[in-house]
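TrEMBL lists 40-139, 154-246 with the feature domain 'Stress-response A/B barrel'.
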Amino acid sequence: MICLRAAFPLTSSPLRRLALKPSSSRAAAAAMSSAIAAPVEHIVLIKVRPEAASSGAAAAMVSSLQVLSTAVPGLSYIHVGPVLRLRSPAAEALGPTHVLHSRYATKPDLAAYAAHPAHVAAVQGHVLPNALDSTAIDWVNAALVPSPVNPGSAVRLSLAKLKEGVEAHQLAEKLAAATAAAGEAKGAKVSFGENFSPARAKGYQFGMVAVFDSVEGLDAVDGDGKVEAAKAIVRPLLDDVLELEFVVGPAAAEAPAPANL
């Protein structure tokens, strides 16, 4: 599988439209739900206030969102946690401190989640008071195989703005060919697709996640010859890229309660 470093940027979404998914696999069942062949992917990048991080309010925000996995029907998977690394100038300029990654079987499931009272309460009570900015992107996976996410998985997120005249379906076709050529690079599985929520995306039109078993596996992919060749296939289509990485934590039922609540 290909992982496009500095190939796709992460888009932004209004905080009030934050949509989430159940946290990385509650054992076997959650692992299965996170491996939906064509899931609706939802990503939110949150930049929290410095005082929220030091006071424990950011930890409480994470907890309030993570527990939605047990409260909201249709939520296949959700992870909320800190960014591990910002890997592109666009990511550094945006400066997100936390990532929310969730998956749904259908677009109506995502819409129902966004309107669910538990989600609205978490956003109003914990996100809005503590966030300086947020960015969001949604896509339907166009990859041929699922990309299951488990506790401890390392994820590289890429979001892209396309060059003028390039259509999203052209990039999807090139990516499908590139990932096939790269093969299972260091065990990575990918999900990619065209953003269908442009109003919330700060101009980003395409998203991709590459899921690895561990941070070590993620780091090992850099410099891989097949991956570099695959990147070269799609790079001419891209105008700007936001890239960052995060590590998936335990599911809500398994996670320790945050301090300073």
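Using the three backbone atoms N, Cα and C, a Cβ is placed for every residue, glycine included.
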*Over the span of the domain 'Stress-response A/B barrel' (40-139), count residues by DSSP class, listing helix, strand and coil in order.*
46 helix, 35 strand, 19 coil
_Secondary structure tally of the domain 'Stress-response A/B barrel' (154-246) (DSSP, helix then strand then coil)_ = 41 helix, 32 strand, 20 coil
